[in-house]
Amino acid sequence: MLGKIVTKIFGSRNERAIRRMRKVVAQINQLEPEFEKLTDDELKAKTDEFRERLKKGEKEEDILPEAFATVREASKRVFGMRHFDVQLIGGMVLNDRCIAEMRTGEGKTLTATLPAYLNALSGKGVHVVTVNDYLAQRDAENNRPLFEFLGLSVGINLPNMAPPAKREAYNADITYGTNNEFGFDYLRDNMAFSPEERVQRKLHYALVDEVDSILIDEARTPLIISGPAEDSSELYIKMNKVIPHLVPQEKEDSDTFQGEGDYSVDEKTRQVNITERGLVKIEGLLAEAGMMKEGESLYSPANIMLMHHVTAALRAHALFTKDVDYIVKDGEVIIVDEHTGRTMQGRRWSDGLHQAVEAKEGVKIQNENQTLASITFQNYFRLYEKLAGMTGTADTEAFEFNSIYRLETIVIPTNRPMVRKDLPDLVYMNEKGKFAAIIEDIRERTKNGQPVLVGTISIEKSEEISQALTKANIHHNVLNAKFHAMEADIIANAGLPSAVTIATNMAGRGTDIVLGGSWQTEVAKLENPTEEQIEEIKAQWQKRHDAVLASGGLHIIGTERHESRRIDNQLRGRAGRQGDEGSSRFYLSMEDSLMRIFASDKVSGMMRKLGMNETEAIEHPWVTKAIANAQRKVENRNFDIRKQLLEYDDVANDQRRAIYTQRNELLDVADVSETIDSIRQDVFTSMIDNYIPPQSLEEMWDIEGLTACLQNDFDLNLPIKEWLDKEPELHEETLRERILEKSIEVYKAKEEIVSAEMMRNFEKGVMLQTLDSLWKEHLAAMDYLRQGIHLRGYAQKDPKQEYKRESFAMFANMLESLKYEVISTLSKVQVRLPEEVEELERRRREEAERLAKQQQLSHEVTKESQMSAVDGQVASGKKVGRNEPCPCGSGKKYKHCHGKLG
C-alpha cells in the first residue's frame, strides 16, 4: 500500500528515468538550430572534435547531447529522417547499459545509430548484433551512408567470410553481424595457432537488437565448435528398428499416468522415462538383435553406450515431430527454432539426438561430434565491457535481464498513442471448432477489406490452417521456415487490403507490415523509374493505406497461446504501429499444447459440465487468468532452467577464461623456452618424487621404475644404477640435479642440429596442440560429470557444490597432465639431419608404391581374396584417429604421416 502511494507521488522507476532523460532531450533540441547552420564539412568535422575531447579525458556522457544532435542533423541530410524525441530517449537508454523496450514501428534501427556513433568515437569498436544475416546486411547497408558521412567505417560480419575479410570487418568502427557469428569467431580466435589468424579485437560495446530472442530464448543453446568423433551410424539404424515396438503409457490427466506401457512422456520437461515393463522389453529386443547378451542388464557399465542410444532413439520418436521441431530438406534434418519458426541451417542437436532423428527419417546419418570449444550466449555477451539491447517486448522478462545480465529494462513511450484493440481470448472445446471460428472471422474481415495476419506456433499448424483456408476458397500467403526466401516479399504485401498471411511465430521479425503494402517494393521492381511513376505509385499507395485504416487496420489472429507471454505480445505488436488502427484476438482450444499440459483440468471440466458443443466458445476473465497462470508457470520453469544452466556454466567459464588467457599469452610471445625450462623442472621434480620420495632412505628408492619411466616417457637412457654403484657419495639431491642436467643436455644437442629458431617454433606448436587436445578431453569429461551430478542429491549432497569441487580437481589434473605431456613430447621428438630426412622420404615413397601395387593386384582377384587382402592390412588394436599423433613416434598427426599411405 505504502509503495503504491510513493509511486503515485514520485512516479515509478521507469517514469523517473524518462523524466531525467527528457531534460537531456531539451538540451539536444536547443542545439538543433545551431547545428542546422553548419555546412556538411563542419558537421563531419564534429567526429574528430569529439575524438580529441575523449582523448583529453572527457566522458561519453559529457559529449552525448552534442553527439546525438550531430547524428540527428546528419540523418536529416542523408536520409531526410529526423529522430523523434522518444528515439533520443531510446538512444540514451542504450548508452546507459540498459534495455530499451520500443514498440514495433517506433524506429529501433534509426534509434541504434545514436549510441552506435557515440560509442564508436573511442575507436574500440561497436558490435551491432541481429538475429539473422538478412537483417545484419540490411541494417548495415541502410545505415552505412549516415556513418560514412560522419567519417566512421562500417563492417559486416557474415558466415563463410575469409579471415582477412573478417578482420577488416572487425577493425571497422561499427560492425554488424549475428549473435552466432560473433560467438563462433570468439571461439575460433581461441583455437588459432598464430596471432595473425585471430580476427576479433577486445570486446568493447555490444548493441543487441531483438535482445529477448538472443539473451533469453537462445540462452539455453550453447555455441559449440566440434570435430568428428567415431562413426556409430549402424547402431542408430539398429536402435531405430527397436523403438517402434515400444508402447507409451496413457495419460490420466496433466500430471499422472495410468495403465500399462513401456515408457512415459513428460511434455512439461520434454523427457521420456522407461518403465520397469519397458526395460525388460528393451533388454529382450536388444538380445534378439544380437546387440546385448541374454540376461544382461541395460544399466550395467558394459552397456552404458547402448543405454545412451536407447534414450536418444526414444526421444527422437516420442518428443520430436517432423514439421514442428525440424524439417527434412534435400536429405538433411534441419532444426526449426521453436521461438522464431526459422530453420537453423548448420545447427545440430547434441548427445546423439540428431543422429537418432536422422535414423528415424531414413536420411544419411552424419558422424557424431566431439566438442572442441563451447560457450553459452549468456557468458559470451557478459565478456563485453558494455552491453545494451532493444526489443519490442522485454518488460515481462525484466527480472531475468536484471538478475543474469545486470541490465535494467526501460519502457520507451510511443511517439503517438497506441489505439490497437486487444480483444479477449475465445476458448473452444476442440481444434475443429476453433478452426471453423477462425475461418469465419477471416471471411468477415476480408469482406470489409481488412488485412489479416494469422500467427501459428509451428509449421505443421500453419499448413493445417492453410489447407482449411484453401478449402474455404480464401486466397492467402504462407510464411514459414519452408518458404524462407519469399519472406520479405510476403511481409511487404501483408498490409494490402483483404490480404491474408499465415506466419509461424515471428517469421519476418524485424520487418514492419505497412498498411496498404510497401510502395518502396513496387518502385524497386521498376527499372530506372521516373519521378512521375514514383508519384503515381505513392498516390495509389495512399488510397490503399486510407482504405485499410478505414476498415480497422491490420487484424492479428493468434491460433494458439505460446509458452511465453512475450512471444504472444510480439505477435500482437505487428498491428497498431505508429498509432495506426489495428486489432488482435487469440483463438484457443482445450486440445492446444499449452492448455493440455499446463492449464488447469478444471477449465475443461467446467466446459463439459456446461454442456458446450464444439462451435460454442467460452469468454471469461477466469479462463484468461488460468491461461496467464499457465504461461507464468512455464516462464518461471524456463527461467529456473536457464539460471541453473548459467550456474553450472559459470564453473566452466572460469576455467575457459583461464585457458584462453594462457593460450593468448602463449600465442603473443615468440620465445617460450623459459616457460619450457620452468615446466621441465616441475615435471622432473614430481616424477622423481614418485620413485624417490623426498628425504627417504636409499632402500625405499625404486631405481628400476625410475629408469623405465625416463626411458619410456622421456626417451632418456640413463645408467642410474651404475652411477649409484660407482659413486656411493651420490645422494638424493645431486642425483635429481644430474638427471635434470642430462635431460637438458640431450635437448640442447637436438637444438644444435635444427637451430634455436626452429626449436622455439616447435615448442610453441607442441604447447598449443597439447593444450587444445587436453582441453577437448576436459570438456567431454565435464559434460559427463554434468549429466550425472544431479544423482548426488540422493546422497544428501549439494550437486552444484559437488560439481564445483570435482570440476576444479579435474582442471588441476588437466594442468598437471599438460606439463607432463609437453615435456614428454619434446623429449621424445626425433631430430633428423637433412640427408637423413631425404633417405626416410625415399623409403616412404617406395613403401607407398609397394602398397599401391598390392592394392591393384587385390582388385584383380576374386571378391573373397580381395576381402582377405584388405583384412590383411588392418592393424590390430584401437583404430588411430586422423588427428591423433602417429604411432610411429614422429610427432606428426597420423593424417600427415602414415595416414597418408591409405
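Every residue gets a Cβ built from N, Cα and C, even glycine.
Feature annotations, courtesy of Swiss-Prot:
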type	residues	note
BINDING	Gln87, Gly105, Glu106, Gly107, Lys108, Thr109, Asp512	ATP binding site
REGION	850-902	region 'Disordered'
COMPBIAS	853-868	compositional bias 'Polar residues'
BINDING	Cys886, Cys888, Cys897, His898	Zn(2+) binding site
COMPBIAS	892-902	compositional bias 'Basic residues'
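Neighbour counts were taken at the CB atom with a 10 A radius for the binding-site residues Gln87, Thr109; the maximum falls on Gln87. If you take the C-beta of Glu106 (ATP binding site) and look for same-chain residues 6 or more apart in sequence within under 8 angstroms, you find Val86, Gln87, Gly90, Ile412, Thr414, Asn415, Arg577, Gln578. Across the residues the record lists as binding ATP (Gln87, Gly105, Glu106, Gly107, Lys108, Thr109, Asp512), the two Cα atoms farthest apart are 17 Å from each other.
Cβ proximity to the ATP site centre (mean Cβ of Gln87, Gly105, Glu106, Gly107, Lys108, Thr109, Asp512, cutoff 8 Å) flags the following additional same-chain residues: Met102, Thr104, Leu110, Thr111. Remark: Asp512 (ATP binding site) has Thr104, Gly105, Arg577 as non-local neighbours, by Cβ distance under 8 Å and separation of at least 6 in sequence. The local packing around Gly105 (ATP binding site), expressed as other Cβ atoms within 10 Å of its Cβ over all shown chains, amounts to 21.
With a cut-off of 8 Å between CB atoms and residues at least 6 apart in sequence, the same chain places Gly90, Ala100, Met102, Asp209, Met390, Gly392 near Lys108 (ATP binding site), listed in sequence order. In sequence order, His83, Phe84, Gln87 are the residues near Gly107 (ATP binding site), counting only same-chain partners six or more apart with C-beta under 8 A. Secondary structure at Thr109 (ATP binding site), as computed by DSSP, is helix. In three-state terms derived from DSSP, Gln87 (ATP binding site) belongs to a helical segment.
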